[in-house]
Amino acid sequence: MTNIRKTHPLMKIMNSSFIDLPAPSNISSWWNFGSLLGACLAIQIITGLFLAMHYTADTATAFSSVTHICRDVNQGWIIRYLHANGASMFFLCLFLHVGRGMYYGSFTLSETWNIGIILLFTVMATAFMGYVLPWGQMSFWGATVITNLLSAIPYIGTDLVEWIWGGFSVDKATLTRFFAFHFILPFIISALVMVHLLFLHETGSNNPLGTSSESDKIPFHPYYTIKDLLGLMFLLLTLTILVLFSPDLLGDPDNYMPANPLSTPPHIKPEWYFLFAYAILRSIPNKLGGVLALIMSILILAIIPILQTAKQRSMMFRPLSQIMFWILTADLLTLTWIGGQPVEHPFVAIGQVASILYFSLILIIMPTVSLIENKMLKW
């Protein structure tokens, strides 16, 4: 008798995606982050749904409703902090996932990579709008500053900003539409994830060696289900420790003050996961130039496959490229630190140097180093 999981119309899709999927036998724990991101998305949708039951998207009551969730709703505080810190976990996994793709040459799977970039932009947009919802000081001023950047677009900029705001400043209309978008986007992300997986399963996964795995495959279950489960345990442990011991570690104290359009916080800054892009934005004195650099800091990922000059796919056996990759990692950490500092000497200068280095490494240095390695290997 044929197994039901192989014949049932719904089950056979699940079976071919998560059970009998032929996977390379040598993929390391760096390949866990896809499933961890799926887990993060599930946590965010579930906690977000429960928060939406008690939240009111109105400027007069938004801040109070979040306070009400934390104080009066059964286990409301844990749901709220799981959602806030879950976002941090989401981005941590995202950055590691993208870094893995760059290191091991997974960007050669161009459709999967490009859908991934669209996913990254969508998740960033969702997180930004979510940060506005508690209607604290940093929520309000963050929304004002970031949406105002669109006014740098020639000719249509000002009209575009007022159209997004739904008025002449960030107000009730802005909050209402941000809540609507913040609610719908995770479901769009879920659909994009399915497309991401669809394209991935067309080609099969890459592996640490960057070589073809066609001759050496093992079933996804039980080998990688168990391996992913271990990663999930570590993720949940980290998230639980963060939520139960220091839930406000990654937040901003200013957001515990209700939004006040008449009082600007001393340092307007986004959540930690946007700081690297914020530092690049601030390091350019021109407004339009800063906005373009901000967009390009993420969009540059799309041209990495074009810039690939190495004959070897993975960086595993390319020590010079490895050094450049870890310099890039250190540079991103430096930009993250700078983004959280005030706009004064020496932080401005450090930010400008780090921004130039970021673009130079990806556009010029890494492709050149790959060519040198080709010569050294006589390829």
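Note: Cβ is positioned from N, Cα and C throughout, glycine not excepted.
Straight from Swiss-Prot, the features:
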TRANSMEM  33-53  transmembrane segment
TRANSMEM  77-98  transmembrane segment
BINDING   His83, His182  heme b b562 binding site
BINDING   His97, His196  heme b b566 binding site
TRANSMEM  113-133  transmembrane segment
TRANSMEM  178-198  transmembrane segment
BINDING   His201  ubiquinone binding site
TRANSMEM  226-246  transmembrane segment
TRANSMEM  288-308  transmembrane segment
TRANSMEM  320-340  transmembrane segment
TRANSMEM  347-367  transmembrane segment
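This view paints the features noted in Swiss-Prot onto the structure.
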| residue | record | contacts (Cβ under 8 Å, 6+ apart) |
| --- | --- | --- |
| His83 | heme b b562 binding site | Gln44, Thr47, Gly48, Leu51 |
| His97 | heme b b566 binding site | Phe33, Gly34, Leu37, Gly116 |
| His182 | heme b b562 binding site | Gly48, Thr126, Met129, Gly130, Leu133 |
| His196 | heme b b566 binding site | Thr112, Ile115, Gly116, Leu119 |
| His201 | ubiquinone binding site | Ser16, Ser17, Leu21 |
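Between the transmembrane segment (113-133) and the transmembrane segment (288-308), the number of CB pairs under 8 angstroms, six or more residues apart, is three or more, so the stretches are in contact. Highest Cβ pair count under 8 Å relative to the transmembrane segment (347-367), across stretches 77-98, 226-246, 288-308, 320-340: 320-340.
The stretch from 77-98, 178-198, 226-246, 288-308 that makes the most Cβ contacts under 8 Å with the transmembrane segment (33-53) is 77-98. Only residues 6 or more beyond the boundaries of the transmembrane segment (226-246), in the same chain, are considered here, and those with a CB under 8 A from a CB of the stretch are 29, 32-33, 35-36, 39-40, 43, 78, 81-82, 85-86, 88-89, 93.
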